[in-house]
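Quick look at what TrEMBL annotates:
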| type | residues | note |
| --- | --- | --- |
| COMPBIAS | 505-534 | compositional bias 'Basic and acidic residues' |
| REGION | 505-556 | region 'Disordered' |
| TRANSMEM | 12-28 | transmembrane segment |
| TRANSMEM | 35-52 | transmembrane segment |
| TRANSMEM | 58-79 | transmembrane segment |
| TRANSMEM | 91-113 | transmembrane segment |
| TRANSMEM | 125-146 | transmembrane segment |
| TRANSMEM | 167-187 | transmembrane segment |
| TRANSMEM | 207-226 | transmembrane segment |
| TRANSMEM | 286-304 | transmembrane segment |
| TRANSMEM | 437-457 | transmembrane segment |
| TRANSMEM | 469-491 | transmembrane segment |
Amino acid sequence: MQNLPRTHTPPSSVTVCGYPLSIFFIVVNEFCERFSYYGMKAVLVLYFRYFLRWDDDLAITIYHTFVALCYLTPILGAIVADSWLGKFKTIVYLSIVYTLGQVVMAISAIHDITDANKDGTPDNMTFHVALSMVGLILIALGTGGIKPCVAAFGGDQFNEHQEKQRSTFFSIFYLSINAGSLLSTIITPILRAQECGIYSQQKCYPLAFGVPAALMVVALIVFIVGSRMYTKVAPKGNIMLEVCKCIWYAVKNRFRNRSSSIPKREHWMDWADEKYEKLLIAQIKMVLKVLFLYIPLPMFWTLFDQQGSRWTLQATTMDGDFGLLVIQPDQMQTVNPILILGFVPIVDSVIYPLIAKCGLNFTYVAEFQNRPNGDIAVTNGHTECGGLRPEEDIGPNVVHMAWQIPQYFLMTMGEVVFSVTGLEFSYSQAPSNMKSVLQAGWLFTVAVGNIIVLIVAEVAQLPDQWAEYVLFAALLIFVCVVFSIMAYFYTYTDPAEVEARFAELEPEGKDNDRKRRSLELHDRKESLEEENQRKSRSSSEASSHHEAPADKATNM
């Protein structure tokens with residue numbers, strides 16, 4: 001009998017209205033963590049531009065490099081949690097790393113540390129840059145590493161008969177994410193707009209970074225306090241590693257058997273069936289089909305994530321006077337979460353039902369709300385903002401910030417339709433045990449999108465900003481055409497049906513089939529070697545046969 005992973009169940013599971021009390025700590029932790037992340041990220045590009053005094057291109061390059069790292073490290077977090085530490089310890093350890101990063105960022109923004117002549121300008125900018133980079137690396141490891149763990153850990157707290165409560169939890173969890181990000185985008189600009197300092201008063205970046213650091217400390221403490229109430233599932237092996245090993249074996253085995261005498265396989269993954277089960281191979285085939293469709297997707301994130309970089313810098317050159325209210329440049333990004341709160345119900349209750357009446361089936365609500373990583377859908381509309389009044393060296397503002405609202409409107413509408421639908425499609429097409437693999441693939445497209453931005457910023461070097469906007473728009477149009485063609489030829493698969501078909505096979509039958517295929521391949525190799533040896537002997541005998549008469553003639 002297969003050994004099941006050990007599970008730590010708390011001695012007394014306290015419930016409130018049918019819900020485990022432990023989820024309270026998880027929801028509060030997520031709220032504080034999202035506040036911390038978006039609050040820090042809100043003023044990041046302006047910190048680069050006006051504190052570290054980098055030019056626009058360098059500021060944008062470092063900003064998008066940081067975002068890319070935040071969406072690459074979830075793969076590392078998933079592997080560590082599933083294969084080694086488990087979700088609870090992974091969240092705790094990486095949250096400590098995360099907190100240290102936030103603290104380092106706050107310290108890096110204190111200009112008085114190196115302001116020896118007390119003129120308000122740091123004398124050793126290298127010190128501040130070095131601290132900033134260390135802080136950002138730690139934050140990227142922390143926020144990315146815990147991303148695939150927290151929501152899934154919350155789901156672990158429910159029993160099998162609590163499906164309804166689990167579904168409601170994910171809705172509450174999702175609400176806490178949006179509440180944390182929205183509040184941080186409103187509060188952080190106010191904090192950053194203050195003036196602070198020991199010797200001279202400057203824009204208060206230490207406060208703008210310090211409050212998110214404090215919220216991360218709160219998040220860590222709250223999560224640890226609930227430790228005795230949690231249900232902790234022990235690590236049971238990472239399916240992502242199994243997938244990678246199976247793919248590598250198939251590729252290696254295919255190149256090892258390139259002879260024309262060896263029969264071809266229907267699919268290149270079938271070369272792994274001598275070592276791995278057919279069910280796993282069939283599941284990987286389904287995943288690869290979806291990952292292939294992901295190839296064009298990074299271009300959307302290339303445009304989308306510029307809300308926190310190019311669009312914010314664009315707003316610094318615009319007029320933010322709205323009469324009774326003066327909007328700071330980075331506060332314009334609050335338009336995104338506000339629109340999201342309105343768009344999601346409209347798309348859910350109006351748009352999708354209309355699409356369904358046209359004969360297209362989108363099972364959005366049920367599966368989207370129940371997926372274990374609900375964090376990723378709409379919260380990837382990164383809503384960073386801060387509080388900056390235009391610097392003295394900025395020219396007269398003649399274009400009003402209100403002109404940015406249409407672009408935020410269109411981008412947010414695209415986000416809701418693209419992100420939610422894309423994730424639901426991925427979820428519905430993924431095998432039951434490989435949802436996390438496709439989740440990692442989806443996050444990877446966000447990382448690649450940000451890498452594309454920094455490549456364009458460094459390589460293109462376009463003289464005018466409008467030309468860069470047109471370039472990105474043209475690239476996205478081209479990618480949309482390519483993606484439409486790819487989607488047209490995509491064949492839908494029912495993972496449950498495929499898995500059920502393989503589940504009917506006896507394990508012994510699968511083992512025997514794998515052994516049979518392995519023996520067949522071994523026999524074919526031996527036959528090929530014997531044939532080569534026979535040809536070699538025949539060639540040798542023929543050569544000696546021709547040489548003998550020549551020797552005989554010589555002796556005569």
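Any Cβ shown, glycine's included, is placed from N, Cα and C.
Predicted automatically and left uncurated, TrEMBL annotations should be read as such.
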*For the transmembrane segment (91-113), what are the same-chain contacts with Cβ under 8 Å, counting residues 6+ beyond its ends?*
33, 36, 40, 47, 51, 77, 85, 120-122, 127-128, 131-132, 134-143, 145-146, 149-150, 153, 197-200, 202, 205-206, 208-210, 212-213, 216-217, 219-220, 223-224
*Cβ under 8 Å to the transmembrane segment (58-79), counting only same-chain residues 6 or more beyond its ends: which ones?*
41, 44-45, 48-49, 52, 90, 94, 136-137, 139-141, 143-149, 238, 240-241, 305, 308-310, 313, 382, 436, 439-440, 443-444, 446-448, 450-451, 453-454, 457-458
*Are there at least 3 C-beta pairs under 8 angstroms linking the transmembrane segment (167-187) and the transmembrane segment (469-491), leaving out pairs fewer than 6 apart in sequence?*
no
*Cβ under 8 Å to the transmembrane segment (125-146), counting only same-chain residues 6 or more beyond its ends: which ones?*
33, 37, 40, 47, 51-53, 62, 66, 69-74, 76-77, 80, 90-91, 94-95, 97-105, 107-109, 111, 113-114
_Same-chain residues near the transmembrane segment (437-457), Cβ under 8 Å, at least 6 residues beyond its ends_ = 57, 60-61, 64-65, 67-72, 74-75, 78, 147-148, 239-240, 243, 287, 290-291, 294, 297-302, 304-306, 309, 373, 376, 380, 422-423, 426-427, 429-430, 468, 471-472
